[in-house]
Amino acid sequence: MRDVKVDVKRLAHGADLALPAYQTAEAAGLDLAAAVPADAPLVLAPLGRALVPTGLVIALPSGYEAQVRPRSGLAVKHGITVLNAPGTIDADYRGEVKVPLINLGAEPFEIRRGERIAQLVVAPVVQARLVEVSEVTDTARGSGGFGSTGRS
Ligand SMILES: O=c1ccn([C@H]2C[C@H](O)[C@@H](COP(=O)(O)OP(=O)(O)OP(=O)(O)O)O2)c(=O)[nH]1
Ligand SMILES: [Mg+2]
């Protein structure tokens, strides 16, 4: 397993929360915990959304991004997902990592302090060097898409 150093800082409102951790040896995502106040859990009503704090600031190395992805268990059991999935953390972002959650389930969902609400996947990035042309190369697919190869 390759790894890359990522600096992480815990903000005051997350200082007592454990750092994100990979839950298994080959896990791709670091689980992110909700840094909501212990005495004020966040309640997401059906179709309700919230920008959930993690209490974390990260500094990714140049050439990497971090993706904020849903946890499948919360999605399947409760309809909780990341509204902008996959969220993008840029390598030059130094603000708090936050998770825009939405409740697509039928019941209100309570998010307690320390609950693992999403996962962070660090990935390499390439930036495109755009070269404007008057004609693009032809291919067998051409402009076919959106189900052009059969049922979708
Ligand atoms: O789920 C997310 C998505 C983004 N961010 C932070 C890190 C990212 O670097 C920054 C900007 O995100 P994005 O580019 O997706 O948002 P934008 O609406 O384009 O804002 P900006 O104009 O600041 O780029 O917000 C998060 O904390 N969580
Ligand atoms: Mg942006």
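Glycine too: its Cβ is placed from the backbone N, Cα and C atoms.
Caution: TrEMBL annotation is automatic and unverified by curators.
Residues or ranges marked as substrate binding site by TrEMBL: ARG71, SER72, GLY73, ASN84, THR88, ILE89, ASP90. Taking a C-beta cut-off of under 8 Å and a sequence gap of six or more, SER72 (substrate binding site) has no contacts in its own chain.
The domain 'dUTPase-like' annotation in TrEMBL covers 18-150.
Counting residue by residue with DSSP, the domain 'dUTPase-like' (18-150) contains 7 helix, 51 strand, 75 coil. Checked against ligand 1, the binding-site residues ARG71, SER72, GLY73 give no residue with a Cβ less than 6 Å away from one of its atoms.
Counting every protein chain shown, the Cβ of ARG71 (substrate binding site) has 19 other Cβ atoms within 10 Å.
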